[in-house]
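Peer 1: First the structure, then my questions, so here it is.
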Amino acid sequence: MKEKSPENRSPVPLLYRRHSSGDIMNNLASVSSSLLPAFGTVVGGDSPPLRDYVIAPYDRRYRWWQAFLVVLVIYSAWSSPFELAFKKVATGSLLYVDLVVDFFFVVDIFLTFFVAYLDKSTYLLVDDHQKIATRYVTHMMFPMDVASTLPFQAIYRLFTGKLHRGEVFGFLNLLRLWRLRRVSELFSRLEKDTRFSYFGTRTLKLICVTLFAVHSAACFYYWIATHHEQSDDTWIGSIIHNFEDRSIWLGYTYSMYWSIVTLTTVGYGDLHAVNTGEKVFNIFYMLFNIGLTSYLIGNMTNLIVHSAVRTFAMRDAINEILRYASKNRLPEGLKEQMLAHMQLKFKTAELQQEEVLDDLPKAIRSSISQHLFRKTVEKTYLFKGISDDLSRQLVTDLKAEYFPPKVEVILQNEIPTDFYIVVSGTMEVLTHKNGMEQFLIKLGPMDMFGEIGVLFNIPQPFTIRSKKLSQVVRISHHRFKQLVEPLDDDGKTIMSNFTQYLKDLKKEMQDEMPFLSELLLDLNIEQTRSVNQSENREASNYGRDDREGTPTSVLSNTFPLRVVIHGHHPHEKTIDGKRTGKLVHLPDSIEDLLNLAEKKFGKRGTTVLMADASQVEDLNALRENDHVFIS
């Protein structure tokens, strides 16, 4: 079998499995996940899978296994103190149940040797078997997992052939309480998951903590009574004679009653400490109750008044969105996009990208960008073959963003301001006809979108929508032209790449751009003119000092101003009553503009006018997207 060479895998494909297209709750779940792809990580459908026999930690099936173990942990938290107090059940009915539960945790220890882990320094999944095993064995978690799973009573019985009814095994069973860390981790995830009520999750956690404290205290208090020399000289023996021979559940009921009454009040006096040992235990238990009560009151106050600052702010923003959407009767799909975007905004804020980068010198910020995005830019079709200098400057000016699933990043016919490179995730290219949405192609890592509108300076021809949780980098239209204008060779390379890309577009996309053939024709004319001007300039400047003239920018030749020309007088009404025109590149002279208009409309004009009928005498006075009338 072919060896997978990379040891670190991007975690993003695991997120993809957490939602389906069209399921609102699953889309929100992908945003609420505790894992986000690191900026600059190249991921997607073509990213290498994990090695053989390696389990993804955020795989749905492994999540369900962990949830199942939490149920068993709850049982262990109840049974461990209970079996210490009531030895009959420890060697009787619950013995076999404990063996079954321990078996599942033995399986989990075995599985842990095959679960990839997240490297906190690189934020990448490590799937090397040796590294996974070394990390687990050398961590404190491994010996504690083993110690809390070994069935000491069953092992003793296997070697001696008899049951040991001493106290040592009861205390060894308390090692199972180590498993409670799983419950804590579960609540930490649920508190950040927007599908669940934060108030409800925190309240449930406080209830569980209280019940566990009450249950444990009740069991220990009963254990103290059973180990006193005179059973009548105990808190329960003074009321129920021979209580050890009575029902187990009778003793447990009395113990729970005492524990709850003592926790919530100072006690009613009906069950009270009799001997010295019980009084000492009561002292420490009531001191513990002071701390527990303070903890409960403090948390409830925090939940009701303040909550967690960031979570409260997020919930408040989400509630505002819901009220706004309800008040304005927004469609369900649009409301979903608003919610997902707001959740992702707060989620990515935890990464503190802006806060961290803003405090760093420009040189360090540039180095960070080079490390994260240099390879992404160089592998994008538009920038293949460009100089290192331009590549370095482009990468420095990139802005990185996350987009949740099912969000329109670019709308058809909107004015272009930026174009984007997909770093991770998937984008859909769509077009709208007669109110119907039509899917064209799918974009993945290293693909670009929005560049057609930017480079041609025309309204965006397509709608671009995120299909999955996606990471993109964007380049400003204005900044891009500033960087490329002084670089003739790079401008030619970019335009060559762009022209070839347009020619290789699928037919269904070309059909959606009826202006493409004319723009390509004009583009070829401008590129030819640029080459000729460059050659003439080199010939005329032969032997001169380079300071005598400034070379004409290839970008200004390649991307001249675009104007809309009309073949009639501005005050003349057309047949259909609409002012239709043709988008063209502005030539170098009025004579060339008249010739171009004759070619487009089939008739010769003599005057160039603006929309208010003012005559144009100098083409330098025109701006982008001006309407020009030839009459």
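Note: Cβ is positioned from N, Cα and C throughout, glycine not excepted.
The transmembrane segment annotation in TrEMBL covers 64-82, 94-116, 204-224, 283-305. If you look up TrEMBL, you'll see 382-501 marked as domain 'Cyclic nucleotide-binding'. Feature annotation from TrEMBL assigns region 'Disordered' to 530-553. Residues or ranges marked as compositional bias 'Basic and acidic residues' by TrEMBL: 535-549. Per TrEMBL, domain 'KHA' is recorded for 562-631.
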Peer 1: Are there residues at least 6 beyond the ends of the transmembrane segment (283-305) whose Cβ is under 8 Å from a Cβ of it, and what are they?
Peer 2: 198-199, 202-203, 206, 209-210, 213, 217, 221, 262-263, 266
Peer 1: Which residues of the chain, 6 or more past the ends of the transmembrane segment (94-116), have a CB below 8 A from one of its CBs?
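Peer 2: Contacts of the transmembrane segment (94-116) (Cβ under 8 Å, skipping residues fewer than 6 from its ends): 9, 50, 53-57, 62, 65, 68-69, 72, 75-76, 79, 82-83, 125-127, 129, 132-133, 136, 142, 145-146, 148-151, 153-154, 173, 179.
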Peer 1: Apart from its near flanks, which chain residues at least 6 from the ends of the transmembrane segment (64-82) lie with a Cβ under 8 angstroms of it?
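Peer 2: The answer is 89, 94, 97-98, 101, 104-105, 108, 111, 173-174, 176-177, 179-180, 182-183, 186, 212, 215-216, 219-220, 252.
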Peer 1: By DSSP, what is the split of the domain 'KHA' (562-631) into helix, strand and coil residues?
Peer 2: 15 helix, 16 strand, 39 coil
Peer 1: Tell me, what is the mean pLDDT of the domain 'KHA' (562-631)?
Peer 2: 79
